[in-house]
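Taking it in order: structure first as structure tokens, then the write-up.
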Amino acid sequence: MASRSLGGLSGIRGGGGGGGKKSLSSRNAAVERRNLITVCRFSVKTLIDRSCFETIDDSSPEFNNFAAILEQILSHRLKGQVTWFGYESPRSFWDYIRVACRKVSQNCICSIENMENVSSSRAKGRAWIRVALMEKHLSEYISTALRDFKTTRRFYEDGAIVLGEEANMLAGMLLGLNAIDFSFCLKGEGLDGSFPAVIDYTPYLKYIQSSDSISSDEEELRTLGSSGSESSTPENVGPPFLMDENSWFNKCKRVKQKYQLTLEQKGYLEELLRLRENQLSESVSQNKILLQRIEDSDLAHKLEKEQLEYIIVELQDQLTVLKNNDLRSRQELTAHLTNQWPSPGALDVNAVALDTLLYRKHNKQWYEKSYQSLDQLSAEVSLSQTSLDPGQSQEGDGKQDTLNIMSEGKEDTPSLLGLCGSLTSVASYKSLTSLKSNDYLASPTTEMTSPGLTPS
């Protein structure tokens, strides 16, 4: 039991130690991120102040320090590149910028990739910082890269500055650099990527003594002065008055420093406000232009819709008129054909056709006669024509001889039925059909010799 309890206590201690290490590492990472962001903000302010008096170039210590700080921020907890053997090789922040900033319009990525005097990734990253500052698009590049969270997550580990809340602060503080005109030489020694960048913290380290510590120092001096002499003479009263004067001077100096710092912050915020106002005015103007375009397009679409509807209505009217005209034409054509070809009862007495044969058949004049061949039928028709019209007997004889010659060698088949009879009326065709059904064959020569070819 004792061994078990000791083991449990040791396990609890071990777990507490692991949790303490984890909290300590997270605290160190947070302090590191905060230090880099704070130093970057100071560096931006010093660059803005220096730009009021001189041009910022590669020889400016403020710019060199800013470039080193930005390089450290973009390289913070950057993942290494895994090789084929499973090892991680160091990687530069340029590999991340090259992928994440390709969506920026009119970017300089391809230009930096094609530079002849720059070969290493670190040197290309430093050249990109200088080109982006000269183009005044550094803040836009950083904002676009941070918005691509998937790519950022792929290149950086947990706890990196670009993955935390400090990333938004970084993109905001870099906006102030758009008001500075930079001038860099992309062939200088500053692009040498053989050594890492080192941050100089000394311009930003100043010891400021608090008012409580100053008062405590004065009390100590008074105590020491009073313990050195028991008599209170005017000579012994002098040092406290001098210390009071020095303390007021120190307080005035501190107030002046705070005022200068506030004035610098005010200038930075005013510049940032001007940039935001310009961006807002541009956005408003673009919004107005887009709204006007939308209204114009809506109006054009409405007009086009009305025109199409009018065209549809007009086409429907035309289609209705054409249908009516077509129906009227059909009716007129039917009436014309009906009036032009008379009925069988109104035919002339001299017109001889198959209707006459049908009439004689019904009167049992030819009831006992049957024609066995086409020649017999044509002869009988010619005899009947001669008996009806004696004046045309001679002419009919000549035509009959011609038809007999033409009919020689032809087969008595139903295919010749279409050539029989007169087409003067529909009743002739119906009479032909009735003759066929009663096994009667009409001679095709009757039509040629019949005077009923033409309508009366």
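Using N, Cα and C of the backbone, Cβ positions are placed for all residues, glycine too.
Per Swiss-Prot, the range carrying the annotation coiled coil out of 118-143, 248-273, 300-325, 352-377 is 300-325. On the 0 to 100 pLDDT scale, the domain 'RUN' (57-189) averages 89 in the predicted structure. Within the chain carrying the coiled coil (300-325), a Cβ under 8 angstroms from the stretch's Cβ atoms is held by none of the residues 6 or more beyond its ends. Per DSSP, the domain 'RUN' (57-189) is made up of 77 helix, 7 strand, 49 coil.
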